[in-house]
Amino acid sequence: MNVSLILIILLVGAFATYIAGDKLASKVALFFGISALGCSIVLLNHFNMGENISFLCQWINQPNVSFALKADGLAIAMLLLTTALTPIIIYTSFGTEYKNSKAFYSLILFMSFAMVGTFLAADGILYYIFWELSLIPIYFIALIWGNGDAEERKKAVVKFFIYTLAGSLFMLIAFIYLYQQAGSFLIEDLYKLNLSATEQLWIFLAFFLAYAIKIPIIPFHTWQANVYQKAPAVGTMLLSGIMLKMGLYSIIRWQLPIAPLAAKEYMYIFISLGVAGVIYGSIVALRQKDLKKLLAYSSLAHVGLIAAGTYTLTIDGLRGAVLQMIAHGFVVVGLFFISEIIFRRYETRTIAEMGGIRTQSPKFASMFLLLVLASVALPTTFNFVGEFTVLYSLSQINVWFAFLGGTTIILGAYYMLKMYQQVMLGETNTKVFADVNFKEGFALVLIIGVLFFFGMYPKPITDLITPSLEEILTQINRIN
Amino acid sequence: MNNILNEIGIENYIFLSVILFSIGVFGVLYRRNAIIVFMSIEIMLNAVNLLFVAFSTYHQDAQGQIFVFFSMAVAAAEVAVGLAILVSIFRNLGSIDINNLKNLKG
Amino acid sequence: MNTLIAIIGLGVLCLLFEIFELRKAIVPITIIGLLAVLGLNISEFNSPQSYYNNMIIVSKFSTAFSGLFIILTVFLVALSHKVYENHQTKISDYIAIKVFLLAGTVAMVSFGNLAMFFLGIEVLSIALYILAASNRLSIKSNEAGLKYFLMGSFASGIILFGICLIYGAMGTFDVTEISELSRSAELPVWFPIGIVLVTIGMFFKIAAVPFHFWAPDVYEGSPALTTALMSTLAKVVAIATLFKLLAVMNAEVSSSFQIVVVIISMASMTVGNIMALRQVNVKRMLAYSGISHAGFMLMTLLSVTNAAGSLLYYTSAYALAGIAAFSVILYVCKNTENEDITNFHGLGKTNPLLAAILTASLLSMAGIPIFAGFFAKMVLFNQTIQAGYIALVIVAVVNSIISVGYYFKLILAMYTKEPNEARTGTPFVIYAVAIIAIVLNIALGLFPSLVLDLLA
Amino acid sequence: MSTILIIFCVLAAVTVLTAFLTIFSRNPIHSALYLVICFFSIAGHYLLLNSQFLAVVHIIVYSGAIMILFLFTIMLMNLNKENEVHKPRITRLGAIVSFCLICLVLLTVFINSKPIVGEYISTGDDYQSIKVLGKVLLNEYMVPFEFASILLLVAMIGTVLLSKKEKTEK
Amino acid sequence: MDTSLTLLLLLAPFIGFLFNVFFGKSIGKSASGILGTLTVVVSFAASVYFFMQINQTQQPIRISLFDWIEISNFKVDFGFLLDQLSILWLLFVTGIGSLIHMYSISYMHDDENMHKYFAYLNLFIFFMITLVIGSNLLVLFIGWEGVGLCSYLLIGFWHKNQEFNDAAKKAFIMNRIGDLGLLIGIFIIGSLFSTLDYDTLKTAIAGATNLNMYWISAAAFALFIGACGKSAQIPLYTWLPDAMAGPTPVSALIHAATMVTAGIFMITRLNYLFDLAPEVQNIIAIVGAVTSLVAATIALVQTDIKKVLAYSTVSQLGLMFLALGLGAYEVAVFHVITHAFFKACLFLGSGSVIHALHGEQDMRKMGGLKKVMTITFVTFLISSLAISGIPPFSGFFSKDEILMVAFEHNKILWFIASLASLMTAFYMFRLLYLTFFKEFRGTAEQKSHLHESPALITFPLIVLAILATLGGLISLPTNSWLNEYLAPLFTKVATEEHHFGTSEYLLMLVAVIGGLVGIGIAYAKYIKQNLVPEADEKITGFAKVLYNKYYVDEIYDSIFVKSINGLSTFFRDNVETTLSSLVFGLGKVTNEIGFQGKKLQSGSVGFYLFAFVLGICAIITYLFLAQ
């Protein structure tokens, strides 16, 4: 059994969904999404039994590009995140009618395909291809099925596309440069390179540009809030739940081990950027009028912390970052789904137009609250495990980093509770708010369940990712 | 048999040819009448032909002159096509002033 | 050589068909004939040989590119079928000119003597002048024809001057002899000047800055099918010929000349892309896009010794995407006066398949994976970095980013705007050409080695 | 200064002068006539270089065919009036600038180059009689020769295409 | 056995919580209340069992369930530690918890969301137990944040009122400020000692030879900040008075008896660490003393019955911190326990009053209740005497010990504490007099409904009053059971036996006199002179400052909240748009260049050729003339 199977399932799924036609599309997509999840669980099993599920074959001879998929613990963790979130995201869309839904769901699966590919690729060019490929579907999803004024949306989406593409093209140059040195794009060969400090710095920066825009790290985040706001709920979930993680994952997988000297040399700067993102994102989130924008900035804050964690170059930082990535993926999908549920009933995302919902829909209120709590990293939620580990790693670098990064638990609580209060509490709203139906509830319960289960028992994931992170760490600490 | 270039010098032919070529270029830029512009292009081609013959003598080699034949054929073909285009423009516009042809720009 | 003869024969056949009143059969027969020629051409691939006193040298390079040209011509001829429906009396002329044009292009990539090179380029040019002006009732077409003609003959003059100087320096037109001589003796300055002048003439043909000014005007004014030909076939031929010229005649291009190439390449990309941003006419936009692609293709000249494969790949990717794009444009703008972007509004709704094809081809041109355009750029960047011109690559990358801006303008128009007219008719040929072209493009993207290793 | 050089100088002067006059004449017919003179003087150069055949061909093709074509077109379009408005000053300036530039640049390049020293080669073999030219053209240059016919064919079809009125079918 | 019993102890309230969440509505109000109460009683029973056991064996029980969080240099397991300290806490948490649950059944009976109330209350107990029995700092942190959450939920229980929600939010956020401190403390401890486990930490500190005092002080300080947040000390105390927005039993349970003592619990837990940081101890002592004084002064003039009690709580907590700062952990613990008894009683009593008055909390509209609500009055009186430090009530013993310790260390601190005690006596009796004595000042309608509360309310009052009376017995000055019981916890075992001499008796006397003076002043003002506090707008001078709580809320608001919100607006409106327009601007500029460039493409062949020629000249010049 090898890991390329999952890519095939998703790709076939994308085509099958398109062929299935508008009526069946959502169900077919869900079916393939779940089978991809099943497949990845089977893969996990095989991996845990010590089988080699990686895949390698020559693709292009000149330049030497291979179709190499590497499934170590880290990749499998991200694979699981993607394949678990994809069906959930598809499932959340069941309450909304999308026109031309065959194309819509097909694009979702295609995006999932590209993202899985990004996580698994072990060849620079293959990785880059998947990385870019994932941009196309989200571009169309946001463009065609997005909301708000069409002109505004167009602007935001095109800016997003060009901006992210701009960043990643420099990464391509970096890869090609590395290829000149190594004669291969394979990640192992790139790890082995003996680069001078200057070379490493430039390569590090080229990678950083790509990742900083994708993640996003301030000040490269300007595309984010607008796109999150304009994209349809599903698009936002894909973007924030999984796609952001591509950048963070790539830092760990590619940037740090390839240019460790630069990472060490300029560690403080990059951690500071991440931490600045935490504070800035949190503060900006405070006064947002649009629910999705608020969540976007909260996401900015959270990923800032994760990025800071990765740049600590400690096992705790990396592990915490990965845990937090997964946790954040789930919680942010849940929160965007919440905003979608409200939108389905009130046709608005403006916070000021909400309020007084809790009395009408206790179940919804509870689930929302649980997600808010997870988002502010209350202990026993998965987010706490990640955030704690990351903050701990920051404290190992400098306690002040931990302190500044830790302001997220104060500011995060502030804006999330403020938002919760404005959206949910207060006098009963005059507009009727039907409580969550079974479909919505089921999706939310799944997400909450995952968050709390791994919050209490993160060991399976920790055990899964730790060996590969340690391996990466030895690469980072190799002596050139 | 003496090479005639011993008397004149290949440089002179090159200079003459360059000047003639430049005159052609000048004409193309200077005039608005498309016919004269065509003529200027013919001057350019003839300048080159002249140089070909001079080089042919310089190398005592027939190929240069052969090339002149081809160049003449090309010139004839070009003129034929060019004038055909010109005629159809004249039919449409009633003028062959190339300054009037500025519909396509930007 | 056989390819060339067969193509000319096919051209004559076309003319004969007119005489025998078999107009309906011309397009199918030509396509079949061209496919046969393609087979013949492939059969020559592995038997490099020179013919008739080195007039024609058949090499892997020439056959590979000839193959590409033949495929492109097949597409273009197939598209003619629909376009010239209402010009039945002229159809044989059109097709014959295109076939002869193909003969010219084949001569250009397989020349062994500068005379063949010159005649080939003239056949190509004259055919293009005619095609550009072929819509004789349209003032735009006339203007395009005349502009192209004036500047083209000017460029021909420059090329001729260059050839003359090369002859003056070498005393021969035979490229192998020139190549040997250029390595041995001390040369008069005439030779490098000649090379430079010929190169400039070719720069004009591929529309590199600052010799690009004709391109937007001519592309816009010409009938769409001719524009398709110019932006795909003609450009590809020109760059291939220039590449061959430089590769064959002087093994090492001097470093200062390389700097010139670098600057022109940068300028072409930048000017092309920036100017394309504010265009409303799609053909004009693609003209500018073509200028920028010319800049990219020029990057191969920096490593002539080993870049043939990547040039073939890049040109194939570009031309196939261009064919796909132009077939959609032909469909959309069939009944409209101009090719403004407004005509594409709502294509995503009225004809999703063609919209998807156009999107794919634009993405390929923009260099988004998995389309061939991406690998083309990647390979090019790889080679250029290897040659040590990382600054050029950075400029190229910045330009790729800019280019997305206008490619996406078109995509946005297709998907976000409301359609302003109902489109009817689903011409089979256009579908077929567009789909085959884009499928070939994607296939090249999936298996780049097929083409990349061809000329290794 | 040898006679040949003097002849060359005179011919060159005539060539350049008539070329200029071609461009400066306001009447297209005059231009055409000056151009004919120019072509004759170039033929004179050919004769000077002892390539009689080429000189004759040149006169036949250029003065005989091409110039007639020009004149015919001028007459056809009734352009023999001096009605052309001069181009704006900036254009003329541009033309003069580019003339000077290209002249200057090319001349400097050639002057700067190493002068050819010593005798020019002279094998004494016949290389430009009709006989030799014919042999070269139809042996070595057979393929380009044939290909030139394609060129002319294309030009012919093209001109026909451009001027043919369409028969409206159906 | 121990494990399962511990789990029962822990999970019983949690099961109650789950049950109430999912089925609370369907089983009816009383049933959900009874269920909620029973689960806590179960926990209480288990606690009692453990108490007996530890009294016999003296062996702490350690349970490790599973590895929870893995850090590079240590693993944190999900484990429990039941030793003397945690069992003591368990006893009064679950004990008072059950009483208050019971009380709530009646108190909340009219609320439609009673099942939710009990769910939250149960959840609180669950988290409190987690906090107490966790075997390491991180499990403590779970409880720590968890009780904060429950506090949030219960303060904002009546969520239709946005002011209550604000109060709840404020409580949560200020707690979180402290939590950050606690987290940082945890980080420092983790990196210093590679463990978060109490036992391991204790041995590590004991065994360590070369300790980094700087970092230990930093850790202690950070932890202290955490304690400040939870236990409402300066500067993080302002949430507690606002927290009175919640139902009164909640105030009794969370904001008086249990949750707010978590800080004291934590510091006591880590006494061996704090002992190493004398500077931090000094800070703790000073902060405690100042807090107790400040809060007492504010309480002097408050008119809201619960606010007075809230400030009183802050003040008493300040005294406990004073004791902690002076290293007298057992004394602090002692005061925690007695305080839990009498303050819970006071809150519940006030709840009873409020219940009787249908939600009226303003003392100016009370009065004369002693006749109607006899039981409430008596219990209230007992508790007031206890808090005022009048012998033989429990408060006397605990407070006296604090004062004594303070006197030993620092006379100024002693003076401040004594002053605070005097004020305490004053405001408590002010409260008592205004509420229960003289004539009723409320509306006639209220008067007609006045009644003694039902047995479910009075029973807990009585029990607590008894405890408030007798609580002092556990640690008599001469023979302290508590000190012995807690002895294993402390490293500095032999704080030399109090040799009780004249000075001690003198101090005791001073304290009692102080208390009596306070009562006396209150008597003079509110009984003799029959004063009633003036209406809000008439308050002037220093009283106004006090009445407005030194304007601390306003100051905080303008310094922190306003500035952060202003910053947010600034970022949103200026920085974001600027950054955004920078990126957009690049595109716009490029576009504009393209637009201007179109002019170059003039359509004139002449110009095109001119450019052509220039290009040729430039290239040739560069290649052949420039070199």
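Just so it is clear, glycine is given a Cβ too, placed from its N, Cα and C backbone atoms.
What TrEMBL records for E:6-24 (among others) is transmembrane segment.
According to TrEMBL, the transmembrane segment annotation covers E:31-52 (among others).
Residues or ranges marked as domain 'NADH-Ubiquinone oxidoreductase (complex I) chain 5 N-terminal' in TrEMBL: E:68-118.
The transmembrane segment feature in TrEMBL is assigned to E:87-105 (among others).
Marked as domain 'NADH:quinone oxidoreductase/Mrp antiporter transmembrane' by TrEMBL: E:135-424.
Under the heading transmembrane segment, TrEMBL lists E:171-193 (among others). When Cβ-Cβ distances below 8 Å are used as the criterion, the transmembrane segment (E:171-193) is approached by residues 71, 73-74, 137-138, 141, 144-145, 148-149, 151-152, 155, 200-201, 204-205, 208, 212, 215-216, 218-230, 236, 238-240, 242-243, 263, 266, 273 of the same chain, each at least six residues removed from its ends.
As annotated by TrEMBL, transmembrane segment applies to E:213-240 (among others). For the transmembrane segment (E:213-240), same-chain residues at least 6 beyond its ends with a Cβ under 8 Å from one of its own Cβ atoms are 144, 147-148, 167, 170-171, 174-186, 188-189, 192, 255, 259-264, 266-267, 270, 273-274, 276-277, 279-281, 283-284, 287-288, 290-291, 294-295, 310, 313-314, 317-318, 320-321, 549, 552-553, 556.
The transmembrane segment feature in TrEMBL is assigned to E:252-274 (among others).
Positions annotated as transmembrane segment by TrEMBL: E:280-301 (among others).
TrEMBL lists E:308-329 (among others) with the feature transmembrane segment.
Look at TrEMBL and you will find E:372-392 (among others) tagged as transmembrane segment. Same-chain residues lying 6 or more positions outside the transmembrane segment (E:372-392) and placing a CB less than 8 Å from one of its CB atoms are 312, 316, 338-339, 341-343, 345-346, 349-350, 352-353, 356, 399-400, 421, 424-425, 428-429, 431-432, 435-436, 450-453, 458, 461-462, 464-465, 468-469, 471-472, 511-512, 514-516, 518-519.
The transmembrane segment annotation in TrEMBL covers E:455-476 (among others).
The transmembrane segment annotation in TrEMBL covers E:505-524 (among others).
Per TrEMBL, transmembrane segment is recorded for E:605-625 (among others).
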**OP:** Taking the transmembrane segment (E:455-476) as the first stretch and the transmembrane segment (E:87-105) as the second, find out whether 3 or more Cβ pairs fall under 8 Å, excluding pairs closer than 6 in sequence.
**Re:** yes
**OP:** Pull the DSSP breakdown for the domain 'NADH-Ubiquinone oxidoreductase (complex I) chain 5 N-terminal' (E:68-118) and write it out as helix, strand, coil residue counts.
**Re:** 29 helix, 13 strand, 9 coil
**OP:** Tell me, roughly as an integer, the mean pLDDT over the domain 'NADH-Ubiquinone oxidoreductase (complex I) chain 5 N-terminal' (E:68-118).
**Re:** 87
Original post:
Where else in the chain does the transmembrane segment (E:87-105) make close Cβ contacts, counting only residues six or more beyond its ends and a cut-off under 8 Å?
Top reply: 9, 30, 33-34, 36-37, 40-41, 43-44, 47-48, 50-51, 54, 117-118, 121, 125, 128-129, 132-133, 247, 249, 252-253, 257-258, 261, 265, 333, 337, 340-341, 344, 348, 351, 456-457, 459-461, 463-464, 485-486
